């Protein structure tokens, strides 16, 4: 015969096992957000990771469901910076850069005898485009000097 205390305790343990445990706030991932973001989640509740603007996902899963164990699965999702296209070669000038990733800047300078037609720097945007557009180097041209009265130009 089973004692009433043992039966009650067994029923309690069974209820706890079936009810599951709550999941804690999910891990923060660099350059990512979680929706919905709460301090705890009931088993069966879902969360979705999204990369912040200017970043794209690489590997891993984005959607997770809180399991009965109360422990989130290991998240291998990575959000990496968007990459702008190669800026090209600035004819009669130079492009200075460390990387073409969001939100980096590149700068431009022209060789002697040329001037910059456009801005001296561009930024890699959230969309992966350079803004403002890449400038050009134009030759500096001077008009002929004025000829003073009663003088000859040689």
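Every residue, even glycine, has its Cβ placed from backbone N, Cα and C.
TrEMBL lists 1-19 with the feature signal peptide. What TrEMBL lists as domain 'Sushi' is 21-81, 82-139. Annotation source TrEMBL lists disulfide bond at 23-66, 110-137.
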Inter-residue Cα distance where the pair is residue 137 (disulfide bond) and residue 66 (disulfide bond), in Å: 58
Cβ atoms near residue 137 (disulfide bond) (within 10 Å, other residues, all chains): 20
In three-state DSSP terms, the structure that residue 66 (disulfide bond) belongs to: coil
Chain-internal residues near residue 110 (disulfide bond), provided their CB is under 8 angstroms and they sit 6+ positions away: 90, 92, 93, 116, 137
Same chain, 6+ residues apart, C-beta under 8 Å of the C-beta of residue 23 (disulfide bond), given in sequence order: 40, 41, 42, 43, 45, 66, 67, 70, 71, 72
Number of other Cβ atoms within 10 Å of the Cβ of residue 66 (disulfide bond) across all protein chains: 23
Structural state census, the domain 'Sushi' (82-139) (DSSP three-state): 0 helix, 26 strand, 32 coil
